[in-house]
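According to TrEMBL, the features are:
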TRANSMEM  37-57  transmembrane segment
TRANSMEM  69-88  transmembrane segment
TRANSMEM  100-116  transmembrane segment
TRANSMEM  122-138  transmembrane segment
TRANSMEM  169-189  transmembrane segment
DOMAIN    285-335  domain 'PAC'
DOMAIN    367-498  domain 'GGDEF'
Amino acid sequence: MQAVTPPSAPLPFTPGGEFRSAASEARYRAERLPETLRHVQLAFFGAFAVNVLFYLSDWRFFGQPHFPAALAARTAIVAASLLCLGLAGRVRAFPQLDRLCAGWSVPVIAAGAVLVTPHTDVALFIIFVLPVIFYLALPMSFPRTLATGLGCSAATLAGYLSQAPVRDTAVGLGLAMLTENVVLALLLIRANRLQRLAWDATRAARAAGEDLAQHRQALQTVLQAVPAPLVIVARDSRRVLEANDAARAFFGEAACQGRPALDSFFDRKELARLAGRLRDLGHAEEFETRLSWPDGTARDVLLAARRILFGSVEAVVAIVMDITGRKEMEAHLQLLANTDPLTGLANRARFFAAASAAIRRAQREGRPLSVVMLDLDHFKAINDTHGHEAGDAFLKALAGLCRDLLRGQDLAARIGGEEFALLLPDTDKAGALALADRLRLATAGRPLPGLDRTVTLSAGVSEVRPGETTVDAVLSRADQALYAAKHAGRNHVLVYEDLLIPDALKN
């Protein structure tokens, strides 16, 4: 069974080349009315001027029977042209202009039929040229143009054939004029279609331009409405294509104009990492990095970037969130969470976290690691005698000594009351003993201003053993050595492994 082909959609044009939609045709005519009106006025004036000149040609018939009729016909054309030229200034819509042109055509066709009756040398010229004027010079609707053209040909042919000597050529002239009308009608149809296609294309281009302008305006509005810095950068040239006010304030006006390029704000490795993510994924979400300005200023930022097509240019749109304040707050909170508020040293939680990491590293790399426990002697008596402010002052003084004597890789922590712990990477028990003894001597030799006494400390030392994975065991051994130092009379530093403790009682 043969498939039935569905009917094609109706063409947008009538057979005469005009828009099938009455609304579209009305818009076309209305938009072109000013130019069309100027053209019609020029045509009316031209008809007036040419026919005034033809008075000279008609004067040769003076004294002949045809002269009065020719003079009257010529005068009718001149009068109709002047009248229509004056009325054209009052036209406000195309239907009025259409009727005005049709009204002008009636006397002109009648006069033409009269002028060709004498069979002068210009009679045939008029017969074939006059329809051309109606088809191509007068902007009437297609049905009216066709009727006027055919009517003109019929009237002038009838006038020309009214004389007996040329009746034997009637068929030939009739066919010639019919052919002319067909050709002129086809030309008019083609011209109508092309003019409307051009008009429609112009309107579409104008609408596209307006739409593009609206989109660009909307983009600018969105850009400026975003409170965070937003930039659109060409991928190849790295040129800034768009930047909102927040971006100009953040990077600087010069940077948004490429002086220096925004690339210069990134660390090279970070920029390569961002470019790789955009290349592989087409976007980068929550990309955290640090930007540096030429004046040395640095800001922590969070980027959200995506590859786009900006017009015809491959580009990247990026929103920059300044998280410097947040990072500083996080660092401050982290510091508070890991710092003893009185001494500024690490607190117990930070010490245990750092010790666990240090033990894993020491066991993996086969390096020594020691722990020292410190305790101020007779600290309760100091608080009872001189008050808690004095006790706090001694604790702060010991913390200051730890900061002065320890290396950058070492960690000092207050783990409770007057107890302190030292974590000493790459240090065996002998090195830890020497450091703890320097601390003991420095503490005993530094009395606090306003007090008539000094304070001493006791310390216990132990070294991490092979296979240990937590700090608990080594801290317990250092604590036992500390209490052994207390029992030995205080103001001592003892190493757990050197204590005379039965092996059965040692950890």
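Yeah, the Cβs are placed from backbone N, Cα and C, and that goes for glycine too.
Below 8 angstroms of C-beta separation, residues 37, 40-41, 44-45, 47-48, 51-52, 54-55, 58, 61, 97, 100-101, 103-104, 107-108, 110-112, 114-115, 117-118 of the same chain, each at least six residues beyond the ends of the transmembrane segment (69-88), sit close to that stretch.
Scored on C-beta pairs under 8 angstroms, the neighbour of the transmembrane segment (100-116) with the top count among 37-57, 122-138, 169-189 is 122-138. Residues 71, 74, 77-78, 81-82, 84-85, 88-89, 91, 97, 100-101, 104, 108, 122, 133, 137-139 of the same chain sit 6 or more residues outside the transmembrane segment (37-57) yet have a Cβ under 8 Å from a Cβ within it. Applying DSSP to the domain 'PAC' (285-335) sorts its residues as follows: 12 helix, 31 strand, 8 coil. Residue counts of the domain 'GGDEF' (367-498) by helix, strand and coil are 61 helix, 31 strand, 40 coil (DSSP-based).
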